[in-house]
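Q: Here's a structure for you.
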Amino acid sequence: MGLLSFKGGIHPPHSKKSTENLAIVDFLGPKVVEIPLRQHIGAPCEATVKKGDEVKVGQLIGAAGGFVSANVHSSVSGTVLDVRKQNTAYGFDTCVVIENDEQYTKHESVTPKPDFKSLSGKEIINIIKEAGIVGMGGAGFPTHVKLSPPPEKPIDTIVLNGAECEPYLTCDHRLMLEESAMIIKGLQILMQALGVKNGVIGIESNKPDAISVMTEAAKNTDIKVVGLKTKYPQGAEKQLIFACTNRAIPSGGLPMDIGVVVNNVATAATIGNLFETGMPLIQRVCTVTGKGIKSPKNIRFRVGTPLKSLIEFCDGYNGTPGKILLGGPMMGVAQFSDELPAMKNTSGILVFSQEQAKLPEASACIKCGKCVTVCPINLEPIQISAYSMLHDYDKAAKFNALDCIECGSCSFICPAKRPLLQTIRVAKREILARRKK
Amino acid sequence: MENRLTVSSSPHIRSNETTKSIMRDVTIALAPAAAFGVYNFGLRALTILVLSILTAIGTEALCQMIRKQPITIYDFSAVVTGLLLGMNLPSTVPYWIPVVGSFFAIAVVKQAFGGLGHNFINPALAARALLVASWPVQMTTWVAVKPDTQTSATVLGILKEGLDVPLPKITDMLMGTIGGCIGETSALLLLLGGLYLIYRGVISIKIPGIYIGTVAVLTLIITGFDVNLTMIHILSGGLILGAFFMATDYASSPITPKGQIIYAVGMGLLTTIIRFYGGYPEGVSYSILLMNVAAPLIDKYSKPRVFGGAK
């Protein structure tokens with residue numbers, strides 16, 4: 001079978017060896033969880049519990065603050081110690097702090113859902129909405145919003161993202177190996193929700209075991225499992241859709257413009273589990289790895305667990321940490337502390353050593369044009385970056401700065417180590433700010 | 001936590017390739033052909049190469065001191081310019097020629113326009129053009145490698161003048177046992193260097209491939225499909241050296257994928273036209289320089305179409 005792909009892209013070292021063969025382990029702790037009421041793109045939730053309340057696993061503790069928002073549920077049972085503002089990976093947000101009684105008593109609302117085949121699309125989407133499901137690949141976009149396209153945008157295909165093109169991360173890989181049936185079920189539920197016949201699961205070729213396990217699991221269904229060329233950013237929405245369906249999302253458009261909805265395999269597994277057990281999104285798998293971690297692991301943790309507890313579960317830091325990233329090394333976000341709660345979209349905790357954290361010194365652009373060659377969107381990063389640094393944002397906009405998907409391929413490849421993506425981000429923000437005026 | 005964590009914009013990993021590693025690779029790729037030139041033309045050739053490189057490095061440092069810029073002579077880019085210029089000189093030139101040439105290449109063509117990455121034409125080629133225009137006699141005195149003759153015209157010179165001299169064998173041209181500039185004679189070693197650069201990802205086959213291909217096709221047509229003569233044209237006049245090592249100069253070539261094709265075809269066209277219909281026997285230098293000047297314009301009109309953008 002030929003591998004599907006896109007034009008451009010880069011080949012960073014995979015760095016997945018240390019965790020790709022490690023089975024997912026559960027982390028039950030910690031003593032106290034801090035569950036942020038904003039773990040998604042959109043409006044923050046309103047707390048539905050107060051200090052002193054007793055809560056159970058799966059109980060609603062934060063109600064969605066709008067359509068583009070997602071409910072938050074308790075991940076443990078115990079007592080609410082406080083509802084307070086504190087640091088999170090998204091900024092300074094309200095968190096529900098719960099003391100874990102370590103009983104993990106299930107809330108009464110957590111009961112298996114009816115057979116999805118007997119449900120209408122609206123009913124399924126409502127169940128997903130109630131369960132606070134968000135995109136678990138990283139962005140954390142509320143899933144029910146994706147599943148509610150306007151009527152003039154008919155959807156005919158659902159693509160599941162099993163590419164996991166970020167180096168270091170192996171949580172999706174392990175999930176596909178260990179919970180393939182749940183992923184298939186989740187995809188079938190999504191297909192039923194939108195009345196869609198085509199379901200495709202795209203997996204990078206560096207996970208041959210996952211491709212064969214998923215292919216086996218998809219037997220006797222209409223779902224297609226396709227091998228994708230191992231190349232970054234194969235799992236970026238536009239590139240993934242192009243590889244899997246040969247359709248290109250128009251510039252400035254969304255997947256629904258070409259009849260496609262994309263979800264992560266982890267999201268599908270969570271939806272499968274939701275219908276099986278009734279449990280909302282209160283836990284997920286993440287890869288804790290990197291040179292700065294003593295014993296890297298793939299961990300299933302409860303939302304709100306402090307990063308520090310997960311790192312201690314991996315036998316702590318290996319030397320003094322230099323950088324802590326949420327996500328992978330290409331698109332992950334650097335954190336200033338390990339005293340932050342892990343969230344619904346925490347796919348990886350990557351810790352660099354001090355040596356790895358050193359920032360390269362930028363030198364003069366030698367106009368090699370490699371950034372142009374690798375850009376998966378066919379932009380000219382060199383030009384956008386140069387105009388951005390001159391504060392000429394109109395020119396940067398003319399070079400289509402807003403089309404940038406921020407994959408970081410340009411910065412990765414640049415031999416002069418110039419901050420290409422960083423300056424392009426500045427340009428994007430300035431252009432958008434000016435348009436709003 | 002006692003220590004401070006680094007917080008920076010993604011991506012958090014970078015490729016191992018640096019400006020220095022690229023320039024070092026180019027130097028390594030040029031080395032076999034340069035060494036063969038020294039073997040062929042003797043110590044004089046070595047002295048010329050060394051003078052050319054040292055002047056380039058010294059001039060770079062001097063200019064950066066005057067410009068109050070960080071000294072970047074360790075990035076090998078001045079070495080590449082000096083080496084390329086030296087390889088493009090006949091071994092008979094007086095010793096001040098490489099000095100003047102290298103100084104011009106670095107001081108005027110490179111540093112005066114802003115330094116690394118800002119030279120609008122290839123510095124080594126520009127210097128060569130200056131030298132040929134200013135001291136044509138010194139720049140076109142060739143020594144033959146074979147002991148039976150003292151001086152000889154280059155292959156293309158013979159063809160241009162219609163001289164009654166036997167043309168060298170293709171094998172000699174491949175090996176480099178013919179007359180010419182210090183580093184341009186051995187097509188085989190230059191190709192080897194070019195392949196090394198492609199293997200290392202420093203250059204792509206695109207520009208040299210299309211350039212040489214265009215010359216080959218046009219020469220075949222003009223010579224009425226004379227394969228032997230076409231081979232001679234491909235292997236001589238520094239086409240291999242120019243196509244792999246000078247036309248691919250980052251700063252003076254287009255950055256857009258489509259632009260690079262236009263650029264390469266343009267050079268092939270100009271080289272062939274100059275060789276067959278122009279006043280000079282040889283057209284590689286001028287065609288590269290001319291297309292260098294056109295590169296910004298080519299870039300402007302060959303913007304890549306954004307993914308999912310209107311056709």
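Here the Cβ of each residue, glycine as well, is placed from N, Cα and C on the backbone.
TrEMBL annotations: computationally assigned, not manually curated.
Look at TrEMBL and you will find B:T154 tagged as FMN phosphoryl threonine. What TrEMBL lists as transmembrane segment is B:45-63, B:70-89, B:173-198, B:205-225, B:231-248, B:260-278.
Describe the structural context of each listed feature in the structure shown, including burial, neighbouring residues and relevant distances.
A: For the recorded site, B:T154 (FMN phosphoryl threonine), the DSSP three-state label reads coil.
Only residues 6 or more beyond the boundaries of the transmembrane segment (B:70-89), in the same chain, are considered here, and those with a CB under 8 A from a CB of the stretch are 19-20, 23-24, 26-27, 30, 33-34, 37, 48-57, 59-61, 64, 97-98, 101-102, 105-106, 110, 115-116, 123-125, 127-128, 131, 139, 181-184, 238, 241, 245-246, 285.
Here the transmembrane segment (B:260-278) has long-range neighbours at 156, 160, 206-215, 217-219, 222, 233, 237, 239, 243, 247, 253-254, 284, 286-288, 290-291, 294-295, 298, 302, meaning same-chain residues at least 6 beyond its ends whose C-beta is under 8 angstroms from one of its own.
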Q: Give me the stretch from B:45-63, B:173-198, B:205-225 with the greatest number of Cβ pairs under 8 Å to the transmembrane segment (B:231-248).
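A: Counting Cβ pairs under 8 Å, the winner is B:173-198.
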Q: Same-chain Cβ contacts of the transmembrane segment (B:45-63) under 8 Å, 6 or more residues past its ends?
A: 34, 37-38, 71-73, 77-79, 81-83, 85-87, 89, 91, 93, 95, 97-99, 101-103, 105-107, 110-112, 115, 182
Q: Which residues in the same chain, at least 6 apart in sequence, have a Cβ under 8 Å from the Cβ of B:T154 (FMN phosphoryl threonine)?
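A: Those within reach of B:T154 (FMN phosphoryl threonine), by Cβ under 8 Å and sequence separation of 6 or more, are B:W142, B:G179, B:G180, B:S236, B:G237, B:P281, B:E282.
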